[in-house]
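Colleague: After the structure tokens below, expect a handful of questions from me.
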Amino acid sequence: MNSNDTFLFLLNFSVLPFALLPQDAIATLNTLQVYAAALKELRSKCHLQLKTMRGFLERAGLTVDELDRLNIIHVTGTKGKGSTCAFTEQILRNCGFRTGFFSSPHLVQVTERIRINGQPIGKELFTKYFWQIYRRLDETKDANGGTMPTYFGILTILAFHIFLQEKVDLAVIEVGIGGAYDNTNIIRRPWVCGISFLDIDHTDILGDTIEKIAWHKAGIFKPGVPAFTIRQPEGAMPVLEQRAKEIGCPLWMCPQLEDYQAECKPLHLGLAGQHQRSNASLALQLSHTWLQMRDNSLPYITVNNGRMLQATAFTPSPMMVKGLADTEWPGRSQTLKRGAVTYFLDGAHTLHSIQACAQWFRETAAENIFTSNAIGPVARVLLFNVTGERDAAAFLKLLVPCHFDFAVFCPCIAEVGTSNIQEKKFDMSVEEMLSRCLDNERIWRLHNHQDDNRDNLLLIEDSLPRLPENRGDTLVFPCIFSALQWITHGRNSVLSDQAKTTLPVKPSVTAKAASLREASDIQVLITGSLYLVGGALKYLDPASSK
């Protein structure tokens, strides 16, 4: 009997034994990760995904009819969909409703993806519900050609199951990728839909133009279900309007956030950055419409008249105003102060979001210097990485005006010796990840008109990956932890106190950090990838790992 058979055998008992720990569930969940070869095949059949997903849902003991009871708000977009969902969930929770919230990806722990009343589901409940779903799917596997859902697919089913079992009043569901063929789109009757800002991303799945991407995103529209969007790039809006007309979905344009402030004090947002204002407006329309539908007082038409309509700005209730101010969404325009070091974390990974991130950082970092009363020099450090086929050169060019004293690059690997999962996730070896980091370093130096000298790369004995070498104002590290340790040089007690092995660094590299040691304050922007931000938060906010 293998380990999975043992787990399933034990699940036949009414009380789960102590042996079934959360890490057992997570280890089994990780076996469903789909990597490059299999993912390529799946993407060629994406139009069949919803049919397949309905089959998995039924095998797990759920039906599409049951999902209708969740009173769903369904949100897609390229950038800002998670923030929009966070605003919406917080508003409705403040209004007294028991909320469910499904999002992706997670930053530190997978339980973050499924939230009840704003809190990640507890590990014990996650374990209990995971095995309920996994057992049913595994028991029916042989009769269905040995098929099992993907990692994201089973998490989607698990979220629906948990929300039904926990009897939430509503569920805010964030689309994974795209919309039309996304696993979450088995939802048949959401109460309201939203589309946040559209940008070029996931081009291997959604296409390489804004029009193609808009077509996929509009796939979440449903007949007679009100949908809202914000101002979009040229080319996207006609596609959204046409799709809404074809589907029979009334589509509304959100007003500007300042339009809501005519009869109340200026709205304060819990999430920083000018780009969050459109997300907040979208969230206000989604939550307001949901509340009206619940009270059977929805004034909007429920048929499409062939054109987009302008949604009306209203006076937000005190609970809505408080909801916007209370919203938290880690890893997005987030600031963490740790002694003399201030971290600015933003998982931006498209051109538009990197541009917004750069603007937010420049404004917030300048304000931070003023409020901290710094009495000496302030050092600025960029910690950067990208994943997939994203255009690192274009991203880095947008960050040059931030005037960093150091640019540090590392793979999305938490620490040396734990790279196996990330290698599988990104279908790249550690050497390939480091090679990309070196490419990014070279690009940064070219953007800053610095010489590109590769003569001083350092090979570490005992087959360890390359460690940083003095490269002017740029360095490459083998993991996130070693990069953070070098940047802070003992200035962050959270990093210093952790029982991790500190990798040896050449004296020349240590000497290079003299300006960091002499600085009264250090400002660190961590961006380019949510995986990088999540790996950093694991160390900067240890509570997130508990």
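Glycine is no exception: its Cβ is also placed from the backbone N, Cα and C atoms.
Positions annotated as signal peptide by TrEMBL: 1-27. According to TrEMBL, the feature Mg(2+) binding site maps to SER104, GLU174, HIS202. According to TrEMBL, the ATP binding site annotation covers ARG332, ASP346.
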Colleague: Beyond the listed site residues SER104, GLU174, HIS202, identify every same-chain residue whose Cβ lies within 8 Å of the center of their Cβ atoms for the Mg(2+) site.
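Modeller: Those within range, site residues removed, are LYS81, GLY82, SER103, PRO105, VAL175, GLY176, ILE177, ASP182.
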Colleague: May I ask for the distance between HIS202 (Mg(2+) binding site) and ARG332 (ATP binding site), taken between their Cα atoms and rounded to an integer number of Å?
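Modeller: That comes out at 19 Å between the alpha carbons.
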Colleague: Give the distance between the Cα atoms of ASP346 (ATP binding site) and SER104 (Mg(2+) binding site), rounded to the nearest whole Å.
Modeller: 15
Colleague: Fill in the CA-CA distance, ARG332 (ATP binding site) to SER104 (Mg(2+) binding site), as an integer in Å.
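Modeller: Cα to Cα, ARG332 (ATP binding site) and SER104 (Mg(2+) binding site) are separated by 13 Å.
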Colleague: List nothing but the one residue from HIS202, ARG332 whose Cβ has the fewest other Cβ atoms within 10 Å; the candidates are the binding-site residues.
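Modeller: Across HIS202, ARG332, these binding-site residues, the one with fewest Cβ atoms within 10 Å is HIS202.
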Colleague: Would you pick out, from the binding-site residues SER104, GLU174, the residue whose Cβ has the largest number of other Cβ atoms within 10 Å?
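Modeller: Highest number of other Cβ atoms within 10 Å: GLU174.
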Colleague: Starting from the Cβ of ASP346 (ATP binding site), draw a 10 Å sphere and report how many other Cβ atoms land inside it.
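Modeller: Looking across every protein chain shown, the total is 25.
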